[in-house]
Amino acid sequence: MDSVYKTDENFAADVAALLAPLPTPQLQEYFNKLITSRRCNGIEVKNNGTIGKGVYANSEFDEDELILKDEILVGIQHSSNKVDCLVCSFCFRFIGSIEKQIGRKLYFKNLGVSGCCDDDSSEEDECVKYNGNEEQCGGSSSSHNTLPEGVVSSLMNGEMALPHTDKFPLPSPLSCPGGCQEAFYCSESCAAADWESSHSLLCTGERSESISREALGEFIKHANDTNDIFLLAAKAIAFTILRYRKLKAEHVDKKAKQSEPKQSLLLEAWKPVSIGYKRRWWDCIALPDDVDPTDEGAFRMQIKNLACTSLELLKIAIFDKECEALFSLEIYGNIIGMFELNNLDLVVASPVEDYFLYIDDLPDAEKEETEEITRPFLDALGDEYSDCCQGTAFFPLQSCMNHSCCPNAKAFKREEDRDGQAVIIALRRISKNEEVTISYIDEELPYKERQALLADYGFSCKCSKCLEDSSSI
């Protein structure tokens, strides 16, 4: 661990520059460009002197109207969820076919492997090793009817077709261009975008651009055994390194008379990550209920040491000398802390659930005939038939939305929203120039419980609901 701490010591000035807030004009320019590229011209990001940046409406929104669809900067599907759902590793859209989705799930279930879809994963989580919103996701069933292995294999391999699945077409899976067996895609464009943005450094395949595939494998195993948020932090670092290399190459191509300092190129490459509010992970993570307050110091040191071990493995795997400041523990801790404070659950509804609901809505005679074929599969899946894709992601614009216990907007996936983008919908009419707010917590909780939860985010809520509740105590 010494080398990680030495990086913090030797690159203290560079680390401080990376973690320094962007000047307001640069921040405004960045978000203006982002809003233009997202084509969401009904909003703007503005800095408020008292609460920092926020999202404001520059046009009126009606109740249930779409405010924003925000693309992911970095996101992951939870490791445990990969046995339940085969999705594109870049946009998180379901891929393959209804038959393949059902076949994979039953195959892993027959092996005794199931996803542990726990959104509140901790450093002690045991996640499945895998090779190859407000919406409610399906739970797990302790018992199920096992189908013959040959039937399951036929489903997975496309040798068996179920009735009416043509109504639910899915993109064919494309393998990772680097040759790993972990990443699959819905299209060539998603495969290329993921490769260029981060996966080329994080791929474990033969064409990986990492400097040690063995160390990368150890890093991934450590993350899967402890907390898969490390995989997301690795994506942020790989994203910045690759962006730095691209900016440097473009600068060389321009044959500029004056060489651009490496630090300014690194700061520019880091900019998309720099805009998120940050605190060190071990400082901002909520104290678990089963940890005695007297043990808080030891708990937070344990979290810090866990991050240090993870970073050491990542550094061996993808280290870049020109971007060495990125491999400081201070940077790593702040990246993960940014996710802790800003991330939104990544949820994509399963087309398998839609398929069985479609069967259930068929006319009685046709339904009875169809269910003679489909019912054994539904029974074998149990409650897990409706499992959705679950993960976590950082969304640049959504992360700027401030909290209110009486919010005027919410994250909500509509029927047509079939990928990992964040979808923000108006809960009521929103006036022009009004701030767009969402709730970070369950706003129906009692006042003191709300304030305790929000303290983990580093603020005390003073929305109209909290002011009213506090006056009655």
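Cβ coordinates are placed from backbone N, Cα and C, and glycine is handled just like the others.
Copied from Swiss-Prot, the annotated features are:
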DOMAIN    33-441  domain 'SET'
ZN_FING   134-203  zinc finger
BINDING   Cys176, Cys180, His199, Cys203  Zn(2+) binding site
BINDING   Tyr440  S-adenosyl-L-methionine binding site
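This view paints the features noted in Swiss-Prot onto the structure.
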residue	record	DSSP (3 states)
Cys176	Zn(2+) binding site	coil
His199	Zn(2+) binding site	helix
Tyr440	S-adenosyl-L-methionine binding site	coil
For the residue listed as 'S-adenosyl-L-methionine binding site', the number of other Cβ atoms found within 10 Å of its own Cβ: 22
Pairwise CA distance, His199 (Zn(2+) binding site) versus Tyr440 (S-adenosyl-L-methionine binding site), rounded so that it is a whole Å: 30
Cys176, Cys180, His199, Cys203 excluded, remaining Cβ within 8 Å of their centroid (Zn(2+)): Pro177, Gly178, Gly179, Glu182, Ala183, Asp194, Trp195, Ser200, Leu202, Thr204, Gly205, Ser208
Segment-level pLDDT (mean, integer) for the zinc finger (134-203): 86
Euclidean distance between Cα atoms of Tyr440 (S-adenosyl-L-methionine binding site) and Cys176 (Zn(2+) binding site), Å: 35
Those residues of the chain, 6+ apart, with a Cβ under 8 Å from that of Cys180 (Zn(2+) binding site): Cys203, Thr204, Gly205, Ser208
Site of maximum Cβ density within 10 Å, from binding-site residues Cys176, His199, Cys203: His199
